[in-house]
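Written below as structure tokens is the structure these notes are about.
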């Protein structure tokens, strides 16, 4: 029977068992027909329900077969289908479904909006009697324990009818326990085996809402549900098939039981999880086969085994068919192919590896090699090393190529250096190349002035060292070694002629001839007046004459004139001559009264070049007498004054006159006739071109004057130092220019600029300038800084040296300091190239680097970074193992480059060698035997046999 709600005019798709009703026509064709039998299904049937009449007839019409079928389409109509429509039961349950834990309280309300004659609840627990005066009635149970309870709310619209609505009640119980175990297996699992895990859930209800989830670690690997209509608590089990791999060793499995009771149930759904099940997977060893390059004297058991397996494996070594003990220490002859096998109770695996034993360079080379010139260098000088060493040759600290075709230039001491990553070795080899004498070319003719010493040189080369002989006029002069000089002292014309030098050794001889020319020197040099005798008159011109007799080399002659030791004129002659000549030179002078008593002399100087120091002949001194009609004395004779300061000078005379005074652009003094002293004075001297002079008129027709030497000075307003066309840090080895600027100084001709680095004077500069007024001047200094100059300070100092008349000490102005920063590449401090440590001990590898900017220091081992630090980094290896042995690289880097240092770490076996154990045991045994012997000897002395007899018969003995 179909029950339809009272929905007049509504078109519904009526569902039967969850499906839309349709009509299917099928023809039975028997077992020989197509299987399954062919069917034709109609479209879904739409049903319109009307409240009246009580019965509805429904018919179906066949489906259209399309435009390609017969027209009109064939139809087949069924018999009418009668349905009965029943009046609805209008009851509302709140909640419509109840989910309650076993033993907990449960309740629900039932309500209606229609008239009735009674309503109530029917239930195996907590029924509610019918009531007629209510529109809502409640079912409630304090402890719900009836698993099969099916409560319903009923209502009687009239005495003849009753309707009811069932309340959906789900009673649940969470599992008492959830446990996980392996089925028919205990202990470790074998890789690739098939195993079953079981999850046991105890006392859970209802089982149909139970889901079991399997986890490996935190990863969900399976889910299982249960189709079960039993409402009471049951036990359930879920299983999981696994085939573990080595990656699963140590994995944890767990199962989780969850009751999904829908949105009406507790949220989140109640869950109970098992303890984790740890599995252990055993598998045979697997070898990651690789070659090995150990250092000499390393034991086989230091091999960095790349073996995985469980349980623990054992290894065996073979070379060919011979078994090798793992404690074997490798020598340089042990390089070759080896095999090692790893085995455990699951299985075994072997690997073939090439072992190349590495060691530092070793020389097989003679210390001396001797051969004739122009022969091949055949010295048997071999270097063995692993890896192959880089071999270099050096001589006198410079790298050279290995000699090939020997020449005399190859003679000498060589250092042969062999280097690989395990060390550096040096060997000293002396090469002795034999060849005949060869005299160096030189002057074929030598000139010397009579009376001078001369040396004739004969430098010869040869191996063995030649014997050298000199001869002159067929007479032997001397015999010497490799270089012989023949010295002739105080040469005379008789020493002139041909000299012969002969060099001889076992491989031949060679001769050289030198012609000696002895030349005459000037006879004398004299000085005299030209057309004058006696006293000179001030300000009158005169001429002096220098007479040089018999000059042989006029083109080498220089005549120098001196006044009181000061050079006043110099003339060099260039005319070549072949015979001695007489030479005259003149000097023009205009003496002043200050020259009275001065001495003049002339000097003839012959420049002999490489033949020796210049030859000089000097005249006697010529004293001049000067008289002056103007006898004026200035005090002081020279005035040095700061710009704007006061200045003064006195002018005096001891002769008669008709008037004397001062002429000056500042402070002139009118002529006076009744004084012997007159003073020039200025309160503030500001005329830079000031040239004052004192004058005197001896008579009406004459006037004489004397100029006062005035120097006006001004110290610099400022002195500053800077770099030219550069800012910021300097680069080591670069070229830079510093500039010192001196502002507003006078007179510049007395200015000296001194450059200081720190407190050390590095340069001085003066200025040739006749300008008297203040000027600006600059001085520059070229520098090429090194790393030692980083942080250095430069300064410049301007000094006005105004002579003894100026201020003492001379006024000085100093610039501020210029601090320079020098950037340079890293440099790593040298240290141990190889470090040894016993296995299990801690070891520290230091690496200290210097650079600016500060370098970054990195350690690497086997192409893997170990650490990064600042200027000084130490790499600490705790509990060193054989796998830690090898080459470590320290690299220091900054923006100007990088430097690398390599340190080789050798991890030694901490067990003492067997010979050492035996030696220590023997020493201990000998000490024990020695002690025992001493003890035995002492006991013998203390326990001897004695016979004591008294000499006196009357002697009585008594016990003590």
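If you go along the chain as it appears here, the first residue is 1 and each next one adds 1.
Just so you know, glycine gets a Cβ as well, placed from its N, Cα and C.
Given the ranges 4-23, 24-43, the record in TrEMBL names 24-43 as region 'Disordered'. Taking TrEMBL as the reference, the stretch among 890-913, 914-937 described by the feature transmembrane segment is residues 914-937. At the 8 Å Cβ threshold, with sequence separation of at least 6, the domain 'Ig-like' (361-432) lacks contact with the domain 'Ig-like' (716-814), having fewer than 3 such pairs. Residue counts of the domain 'Ig-like' (437-515) by helix, strand and coil are 3 helix, 53 strand, 23 coil (DSSP-based). Each residue in the domain 'Ig-like' (361-432) has a pLDDT score, and their mean in this model is 90. Remote same-chain partners of the transmembrane segment (914-937), defined as residues 6 or more beyond its termini with a Cβ less than 8 Å from a stretch Cβ, are none.
Under DSSP, the residues of the domain 'Ig-like' (175-273) split into helix, strand and coil as follows: 6 helix, 53 strand, 40 coil.
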